[in-house]
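Here is the structure we will look at, set down as structure tokens.
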């Protein structure tokens with residue numbers, strides 16, 4: 001290194017003259033050749049504008065800031081071996097690619113095996129190097145590794161401010177990914193107030209400055225990618241004339257490259273850099289203009305149905321839906337087939353398939369293709385396995401797949417996270433006074449007397465469904481609790497006034513102001529202050545599902561004397577006619593077992609704490625939830641003809657899946673709940689596990705069970721809390737058949753429809 005440094009600082013003429021004088025003639029030629037080669041190598045390594053190597057991240061099932069590390073050296077792409085690789089080396093890689101730092105690194109070809117040469121092995125970095133080429137290693141191409149040892153990294157999503165993309169001339173046609181600080185659609189003045197912004201000049205931030213892209217080589221596939229990353233399912237044509245006039249009046253600052261996208265990329269950073277453009281100031285891109293992108297928003301995000309969107313979106317029976325997700329545009333993928341909803345197996349599940357799902361549902365491209373039931377386990381059949389999409393299908397049902405889902409269980413249910421438009425929902429709502437960002441008094445931004453002011457929400461009728469909408473709007477996940485008193489959370493005193501009352505939500509609204517409410521005429525008998533509404537949010541939630549098969553297999557009738565039903569009578573488990581019944585008379589009971597599984601991502605726990613559980617002397621047990629389930633017998637038109645309910649006098653883990661430890665047991669006033677992967681069984685022979693049908697006439701009926709009917713405990717999916725069966729009663733016996741869960745329920749089946757309204 002000292003020799004190299006000495007040679008680097010000398011001029012070429014001084015090197016030549018010095019060594020011709022000092023060396024003997026016989027050794028001049030070979031030694032001079034060696035020194036000249038050393039000088040050329042050092043010159044190349046020191047030239048910051050022409051780096052020795054170029055890096056990129058590639059591979060399977062990845063986001064744009066992670067992947068297999070590949071190095072371009074001598075015009076050829078190769079990989080890096082994981083031997084001796086460290087987080088310090090990962091930091092160097094990520095910074096060289098324009099990211100702030102690395103979050104982690106992965107050995108053993110996590111992102112798939114590369115091809116070609118393994119350029120670097122036994123890489124040692126201190127973390128301060130400016131390039132991976134400056135770290136010590138065995139040398140380029142010196143390796144005893146296989147591609148099963150290819151290293152990968154996960155970088156921070158944050159880009160280095162002012163990072164300047166540099167491309168070496170050697171890789172002009174090697175497919176280098178686009179590396180810029182940021183991307184934006186810059187709307188014209190007339191459209192900047194529209195939410196979401198769907199059209200405008202495309203600009204990239206490179207070297208700390210926003211720059212336009214020349215439209216000469218721009219394609220519809222490029223626009224498709226931009227629209228997808230901004231949460232829009234597709235691109236559309238637009239009127240170029242106003243943009244041309246506007247571009248002529250503006251000073252231009254073009255980016256120095258064109259862009260090549262296939263249309264399947266989830267982000268511009270996955271597209272390849274195209275031809276270099278000669279920058280001539282305002283004369284750059286003389287044959288074109290700055291790129292303009294125009295996108296089509298999904299129906300849920302369309303600015304107004306009165307602006308031509310009503311005609312564009314026909315209400316049709318959806319074939320794909322998302323369930324179990326905490327945020328807008330994420331969830332477990334479910335498919336409708338033969339009138340029944342089922343899941344998709346994660347074998348070969350990738351970003352292309354995930355993007356087809358996202359665009360089909362009115363979102364943009366996929367951010368993540370999730371495997372391993374990351375959004376909870378579904379129910380019903382596994383409808384698709386080994387899905388293979390090109391990425392351009394209109395629906396997931398058009399993709400090729402293996403119809404034999406052999407070996408697939410709901411532990412392998414596929415899920416997605418989609419790009420969604422920036423609607424600014426979280427700017428119109430906030431939580432104040434909480435101990436952490438996930439809890440607090442709900443404060444709403446509203447217009448009063450021509451100005452925007454913050455105010456609180458009346459807590460009358462405030463419950464879990466309303467809290468669910470608040471947490472989703474703020475991007476904080478699921479609701480954990482809904483509070484009707486918030487005196488212990490001191491918010492901003494200037495926001496104490498009630499500005500919203502009478503709020504009633506279905507739980508699926510995107511924003512709180514989409515829920516039913518009183519509007520400008522506030523009605524809040526309790527007043528604000530301590531009775532303002534509050535919430536606490538959580539990233540995960542339980543999901544209870546009743547086993548319809550167990551109900552169908554265990555149903556029978558029992559005639560039981562009133563004198564043996566006194567405790568059940570006290571707990572209101574009999575029909576109202578039992579109040580006047582003779583103690584020696586009999587009640588006819590429809591008995592069955594219920595097996596309730598927790599398929600979610602967190603344990604199901606009663607909302608009430610130990611100290612507030614209610615003791616029932618007759619049965620001598622505590623009720624942690626006064627109403628845990630509703631049991632009803634309905635006529636075929638939906639009229640209730642008999643009812644029962646089950647209080648949760650004992651929520652516990654009766655059995656668990658293999659490898660899962662029981663956590664809840666009711667004995668000795670123990671903790672109550674249902675662990676993820678476990679189920680609680682209420683046997684048919686315990687009190688109140690029935691419906692009193694003494695007064696019911698023979699005929700055909702619908703038997704219905706609803707879990708957590710009052711939404712006391714938040715769940716990731718309430719649509720699967722209901723089960724319906726067909727029931728035929730002849731006055732002596734009863735037959736239970738065709739039991740279905742949720743929207744696969746009997747009512748839908750009878751009508752020949754499966755309703756998927758949001």
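Backbone N, Cα and C atoms are what each Cβ position is placed from, and that goes for glycine too.
Record features, source TrEMBL:
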- 81-145: disulfide bond (DISULFID)
- 94-155: disulfide bond (DISULFID)
- 125-135: disulfide bond (DISULFID)
- 261-271: disulfide bond (DISULFID)
- 389-399: disulfide bond (DISULFID)
- 505-515: disulfide bond (DISULFID)
- 55-156: domain 'SRCR' (DOMAIN)
- 185-296: domain 'SRCR' (DOMAIN)
- 320-419: domain 'SRCR' (DOMAIN)
- 429-538: domain 'SRCR' (DOMAIN)
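By the count of Cβ pairs under 8 Å, the stretch nearest in packing to the domain 'SRCR' (185-296) among 55-156, 320-419, 429-538 is 320-419. Minimal Cβ crowding within 10 Å, among the disulfide-bonded residues 94, 155, 271, is found at 271. The disulfide-bonded residues in question are 81, 125, 389, 399, and the one with the fewest Cβ neighbours inside 10 Å is 399.
Straight-line distance linking the Cα atoms of residue 81 (disulfide bond) and residue 135 (disulfide bond), rounded to a whole number, equals 14 Å.
Rounded to a whole number, the distance between the Cα atoms of residue 155 (disulfide bond) and residue 145 (disulfide bond) is 24 Å. Around residue 135 (disulfide bond), the C-beta neighbours below 8 angstroms that are at least 6 residues distant in the chain are 89, 92, 123, 124, 125, 126, 129.
Other Cβ atoms within 10 Å of the Cβ of residue 515 (disulfide bond), summed over all protein chains shown, number 18. Residue 505 (disulfide bond) and residue 271 (disulfide bond) are 42 Å apart (CA-CA, integer value). Here residue 261 (disulfide bond) comes close to 219, 221, 222, 224, 225, 268, 271, 272: these same-chain residues lie at least six apart in sequence, with C-beta atoms under 8 angstroms from its C-beta. Mean pLDDT across the domain 'SRCR' (429-538) comes to 89 in this model. Each residue contributes its Cα atom, and for residue 515 (disulfide bond) and residue 94 (disulfide bond) these two points are 44 Å apart. Rounded to the nearest whole angstrom, the C-alpha distance between residue 94 (disulfide bond) and residue 399 (disulfide bond) is 35.
When the neighbouring Cβ atoms lying within 10 Å are counted for each of the disulfide-bonded residues (145, 505), the highest count belongs to 505. Put simply, residue 155 (disulfide bond) is 32 Å from residue 399 (disulfide bond) when counted between their Cα atoms.
Secondary structure by DSSP for the domain 'SRCR' (429-538): 19 helix, 40 strand, 51 coil.
Taking CA atoms as the reference points, residue 389 (disulfide bond) and residue 505 (disulfide bond) are 37 Å apart.
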